[in-house]
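Novice: First, the structure itself, so that you have it in front of you.
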Ligand SMILES: Cc1cc2nc3c(=O)[nH]c(=O)nc-3n(C[C@H](O)[C@H](O)[C@H](O)COP(=O)(O)OP(=O)(O)OC[C@H]3O[C@@H](n4cnc5c(N)ncnc54)[C@H](O)[C@@H]3O)c2cc1C
């Protein structure tokens with residue numbers, strides 16, 4: 001007998017969040033312990049964007065039992081080694097936030113502390129020259145991380161670009177093969193138990209009803225259960241992250257696809273470009289009081305590197321989070337729980353994180369306030385950390401004279417972020433309290449990229465003679481480039497048949 005009285009779980013919504021939930025939970029719980037039902041509406045579509053991910057997705061896919069090559073073929077996927085930020089600091093400037101790390105710690109000091117010391121002595125080579133993921137990405141090559149610490153490949157890390165709609169379908173096949181029941185119907189209303197305020201069942205518009213012990217709300221921005229039925233408030237963060245619209249359009253494939261996402265700053269927001277196998281995903285995230293929808297679409301179409309495929313699609317959102325994304329017998333996952341703009345590709349990650357934390361705090365009964373409390377705390381802290389990271393990208397800009405960029409440079413920022421910037425500026429320190437998803441290498445890449453110059457370095461990096469360090473760095477730089485040159489081109493690695501190519505406009 002299970003320790004939990006929750007044996008019937010209903011997932012409402014069949015977007016990326018709904019099918020990730022079904023695939024993950026069905027891989028953890030046998031059907032005799034937990035029955036899983038997905039209700040998805042044919043009338044209400046999915047958000048239909050979301051193509052870039054971050055490395056922890058590998059953990060999720062492994063947990064679900066996914067074969068990587070099969071998954072990449074099924075989703076038109078490519079590899080991703082980082083994000084290139086173009087014009088964010090100022091027009092004409094570019095930097096990369098690569099995954100992995102630049103070298104290993106030496107004598108207890110971070111690799112970048114030694115580099116800061118060399119730089120202070122006039123060393124000309126940027127840190128990016130030692131960052132294997134970035135060197136590989138810029139050469140449009142790819143390889144897997146190595147477990148041998150003697151090769152720079154041991155510092156690699158990677159994620160994927162893919163078609164999120166195809167990923168949902170792929171996960172659906174897995175979930176259905178594990179006895180997940182699918183009901184195609186629209187939920188008309190959500191019935192509450194008058195005694196304890198939990199959700200008792202769903203009323204479908206075709207007259208059927210679906211009962212359950214616990215419900216996962218994956219209804220997207222609607223938040224049908226968590227918001228409409230249970231009244232959990234939405235905390236608006238648009239004073240920190242003012243973008244509230246996006247317009248997206250795919251374009252024809254340009255060959256060869258690069259293994260990184262590009263995020264280019266624009267007057268009223270920024271534009272993404274994501275190379276998949278069969279096409280390129282593009283979108284412009286913008287602030288609606290600075291540019292009209294028509295102007296935003298025109299700006300996007302004018303900045304494609306190949307002809308558009310189809311018409312631009314508009315999306316509206318409010319950056320923020322549900323104050324409690326778990327309440328009574330409902331867990332909100334995906335867009336129903338909140339949304340941070342896709343600058344660091346974190347939404348799909350938050351779906352996975354929510355599911356992993358939910359499994360770790362699985363309710364013992366329909367209404368389990370102890371597990372619910374700890375779950376909400378864990379998720380809240382993680383979201384705030386990532387929010388700070390995104391705010392930083394905007395805030396630390398030198399695009400003087402442009403209304404959006406002047407506004408975000410001058411805005412008050414959370415104290416937690418002020419502290420991080422002070423620590424980094426004072427001594428290149430990027431290990432912060434409560435650091436979870438984004439760690440030292442992530443902050444380091446973006447802090448340096450956004451022009452924060454450390455005024456000192458860790459004194460532990462004074463523990464070896466300068467000349468010794470210089471020759472060690474020179475040798476390492478040569479090795480990183482040689483190893484990168486020996487890796488296969490990204491496209492060859494994918495095994496993708498080269499499609500008809502177009503020259504860049
Ligand atoms: C502009 C933009 C760019 C993005 N880019 C990225 C990215 O690069 N990387 C990333 O990780 N994430 C990205 N995301 C986020 C990503 O798209 C979403 O996190 C992800 O697709 C999850 O969506 P969802 O499943 O929560 O909601 P949706 O896709 O909206 O799905 C909602 C589901 O609920 C169902 N539903 C709704 N109401 C009912 C009802 N009454 N009855 C029955 N069913 C119902 C719908 O039919 C649908 O199946 C982006 C989001 C936006 C807006």
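Cβ atoms here come from the backbone N, Cα and C positions, even for glycine.
Those TrEMBL annotations? Automatic predictions, nothing curated.
Remember, it's a predicted structure, so these values are computed and weren't measured experimentally.
According to TrEMBL, the active site annotation covers 80. The FAD binding site annotation in TrEMBL covers 14, 15, 16, 17, 187, 335, 348. The 7-chloro-L-tryptophan binding site feature in TrEMBL is assigned to 80. Per TrEMBL, L-tryptophan binding site is recorded for 344.
Distances, neighbours, how buried they are, the whole picture for these features please.
Specialist: Other Cβ atoms within 10 Å of the Cβ of residue 80 (active site), summed over all protein chains shown, number 29.
In sequence order, 16, 20, 50, 53, 57, 164 are the residues near residue 348 (FAD binding site), counting only same-chain partners six or more apart with C-beta under 8 A.
In three-state terms derived from DSSP, residue 344 (L-tryptophan binding site) belongs to a helical segment.
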Novice: Using DSSP and three states only, what is residue 80 (active site)?
Specialist: strand
Novice: Where the criterion is a Cβ under 6 Å from an atom of ligand 1, which of the binding-site residues 14, 17, 187, 335, 344 meet it?
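Specialist: List returned for ligand 1: 14, 17, 187, 335.
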Novice: Looking only at DSSP and grouping its letters into three states, which state does residue 187 (FAD binding site) belong to?
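Specialist: SS state of residue 187 (FAD binding site) = strand.
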Novice: Would you mind pulling the DSSP three-state label for residue 15 (FAD binding site)?
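Specialist: Its secondary structure by DSSP: coil.
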Novice: Select the most exposed residue of 14, 15, where exposure means the fewest other Cβ atoms within 10 Å, treating these as the binding-site residues.
Specialist: 15
Novice: Counting Cβ neighbours within 10 Å across all chains shown, tell me which of the binding-site residues 16, 17, 187, 335, 344 comes out on top.
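Specialist: Selected residue: 17.
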Novice: What whole-number Å value do you get for the CA-CA distance of residue 14 (FAD binding site) and residue 344 (L-tryptophan binding site)?
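Specialist: About 24 Å separate the Cα atoms of these two residues.
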